[in-house]
């Protein structure tokens, strides 16, 4: 499976405006775009002129799925551009403590990694969306097979953190949960732009394209 040249899942995009919304979009979505908040790329089949995006609000239930014209993109922030950032508001939250603790072991892997989810949104926008019970969502780019022993060691490292860590391995087949791969399951769920796949090896191209 070839890597997409344009925006990829978990990228944050700037440039979407209320004018790009359908008439039935919720008022809070329009307000978020007026405020200049980024939108996040979601998984969906490729479209030549648009990218599937999600808009988030301050409330947990405020999530909206839509489409953004590719021509409207003014800036693209990938998850790995956020890993070394500090939040604009220095709040002593478990997720931020975990991020600081994990930078060294993640950097030591020699692979690109970054922050996604609410933490990534807050790092990119400066809007405080995390709370004391928030998870820390991470992405690790693994274009080549990631040894299960390494995955298990990383998972054990996460268990020492003050909050739940949800790391996704970005493989040729799509996103795979680190926990599933580390636990040695015979097949793991790979989330790609099309339907999710249960695969023995998400790095084996023949299996991915079958």
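Backbone N, Cα and C atoms are what each Cβ position is placed from, and that goes for glycine too.
Residues near residue 135 (active site) in space but far in sequence (CB under 8 A, at least 6 apart, same chain), listed by position: 95, 117, 118, 163, 164, 165, 166. Per Swiss-Prot, the feature active site maps to 135 (among others); the stated evidence is sequence analysis.
Of all Cβ atoms in the protein chains displayed, 21 besides its own lie within 10 Å of the Cβ of residue 137 (active site). DSSP assigns residue 137 (active site) to a strand in the three-state reduction. Per Swiss-Prot, the feature active site maps to 137 (among others); the stated evidence is sequence analysis.
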